[in-house]
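These come from Swiss-Prot:
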ACT_SITE  ASP51  active site, nucleophile
BINDING   TYR109  substrate binding site
Amino acid sequence: MKIALGIEYDGCRYCGWQRQQYVDSVQQRLEEALSVIANSSCEVFCAGRTDAGVHATGQVVHFDTDVNRPMQSWCLGTNAHLPEDIVVKWAIGVSDDFHARFSALARRYRYVIYNNKLRSAILPKGISHYHYSLDHEKMHEAGQFLLGENDFSSFRAAKCQSHTPWRNVHHLIVSRHQDYIILDIQANAFVHHMVRNIVGSLIEVGRGDKPVEWIKWLLEKRDRTLAAPTAKAEGLYLVEVIYPEKFSIPQMPLGPLFYYGK
């Protein structure tokens with residue numbers, strides 16, 4: 001039997017999604033909790049391996065099991081054995097041809113910047129703070145150069161293990177909601193650090209240090225050393241994974257919890 005789960009987590013105190021020796025990970029905590037409910041070991045496969053400090057409101061995973069439990073048990077029972085910063089939002093049975101990663105058509109991320117001279121005391125680790133005034137309209141305009149299928153070598157981490165830097169960006173929207181600037185980006189997939197590297201360079205445009213056309217120039221140069229530093233992990237959320245309709249994967253509010261924009 002194959003089961004898919006929707007997962008939400010605060011990534012602040014984890015080394016990232018992927019299980020690693022000697023450090024705490026979201027995958028490890030989830031597998032340990034599921035193993036209690038299954039009374040046997042469980043291995044999960046995720047849609048997107050988030051980095052250390054990165055959050056998710058729409059992570060999707062799957063696992064195989066021979067144990068027959070009500071879906072409610074896989075959800076509520078697992079939650080009873082998880083730390084408070086990880087939660088299973090839903091559980092459904094899926095067909096054998098479903099794979100959380102390889103069946104996905106697209107992933108969607110949001111990056112949240114608190115753009116105020118003073119830092120926030122309420123959400124210090126759920127947002128990225130930038131104290132210089134940013135022009136979100138210029139950031140949005142610059143981001144449109146990244147739409148479509150392109151070589152994202154300029155926005156790719158040096159240690160990226162992907163075989164190709166080519167990705168197809170479906171949309172990139174930068175909007176302001178009072179002191180919050182939200183970057184919303186969807187693509188078929190992302191190279192390592194792609195969203196945070198894009199944000200870092202768009203901040204240069206928003207601050208006025210670089211022209212809008214600089215982003216187009218960076219894309220064409222295909223050279224990571226020419227782009228801005230990587231933006232902090234704290235502001236990044238995996239908010240949605242899109243699948244073919246035949247799998248009937250539940251659609252949840254995109255989040256993060258303090259922001260429910262369209």
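Quick reminder: no glycine exception, Cβ is built from N, Cα and C everywhere.
Within the same chain, residues at least six positions away from the residue listed as 'substrate binding site' with a Cβ under 8 Å of its Cβ are ASP184, ILE185, GLN186, PHE190, VAL195, LEU236, TYR237, LEU238, VAL239.
Of all Cβ atoms in the protein chains displayed, 18 besides its own lie within 10 Å of the Cβ of the residue listed as 'active site, nucleophile'.
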